[in-house]
């Protein structure tokens, strides 16, 4: 069986117009997959040069397959049918290492056709590295590398206003474009680069903040033989992802036409502010996950998919989303409901086995950031505590007992919470502490909740009643009235 390469598998090729920092699975099944669709169906005509931003030879370079690789997109489509779609991605031209070939890296700035910069250098990538110098070949941090590359372009084109770039980071941090621009400006000032360059940075270049959403499951190790038998070639860079994707870019309206989104309506939104979209994702997608985990796990279920195929647990989650989360969010209801419907479809994806215990990691912080704002907003709006979001808090406290049907399971959180729960549950077991006292002890940790939740009218009472029901009757019986 042949390995992918352009000689044996000839096809479309596109001129270099995009620089991409990062060669990982996510960008390849998200950004590059979208660019490939735009290249095929519009006149975008933009090839990608991947820059490996760190000094490592693993995994091997995409250039070993001439930039070619296959994405397998699978999950439930909008009609709820299971679909699996293989696509040979032809839009990546080559990969270069900023470390092994620094000159080739700088030469990317000399190409007049270069227009876009995408990146995913992990959450830690957009950060300041004190030791980075202008003369380093290359500097360590991604923002310093980008500053050096932008200065190379500025010099090569003598500060031409039409040679700036549209810079679209995909790292999972808030307002990633603004954070990246601030660091680029910091390096420019520290390196004492000319004021004219700093003016060009802000006037000729556009830094966009983004929200990215797609579960990318990467190289399908267990299925490679079967998948390669279907495609008819060997592919060391096979990349799998779910059917759903959403790309929200905070940038000028003109970007839609420049990316040819007017000619192929992908699920890409060019918006003035990503904040409501971020809040929607955190509240609905992440919030539903966090509410689901302790309830489903203590009901004897191990994966998200199984939970969504369980009529009662599914009803609990859907009612939490539609009756308690959506009413307090700040976007049109129909838009929120369509997003929620996509979310529950994603949870049912038969191709992804999402273990509840792995999502349970750091559950206390997740509850505070993902669910608590909606619980408090709901209580303020109606004067009533949202029953399912409150029950999810009781379920979370029960989860930290670390025991299901008499069997222990690992609980992962910061050491302080683990120690606190160990003490509280031991005292409760020895009847030195009532359920109400245990609940009060958890809700009054101001350093965590950023307020004393035990002072919220009725919250201690309701969480105590729910927790007592879970402990005395079991999760199935306790959750039933809320399904």
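Glycine is treated like the rest: Cβ placed from N, Cα and C.
On a predicted model such as this, the values are computed, not experimentally measured, just so you know.
Pulled from Swiss-Prot, these are the features on record:
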{"type": "BINDING", "residues": "18, 19, 20, 21, 22, 23, 24, 25, 26, 27, 28, 29", "note": "NAD(+) binding site"}
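Residue 26 (NAD(+) binding site) has a Cβ environment of 20 other Cβ atoms inside 10 Å. Sequence-distant neighbours of residue 20 (NAD(+) binding site): residues of the same chain at least 6 apart with a C-beta under 8 Å from its C-beta are 27, 31, 32, 48, 49, 50, 51, 92, 117, 118, 119. When Cβ atoms from all protein chains are considered, those within 10 Å of residue 18 (NAD(+) binding site) total 26, not counting its own.
Local packing around the Cβ, expressed as the count of other Cβ atoms within 10 angstroms, is greatest for 22 among the binding-site residues 22, 24. The Cβ neighbour count for residue 28 (NAD(+) binding site), using a 10 Å radius and every protein chain shown, is 28.
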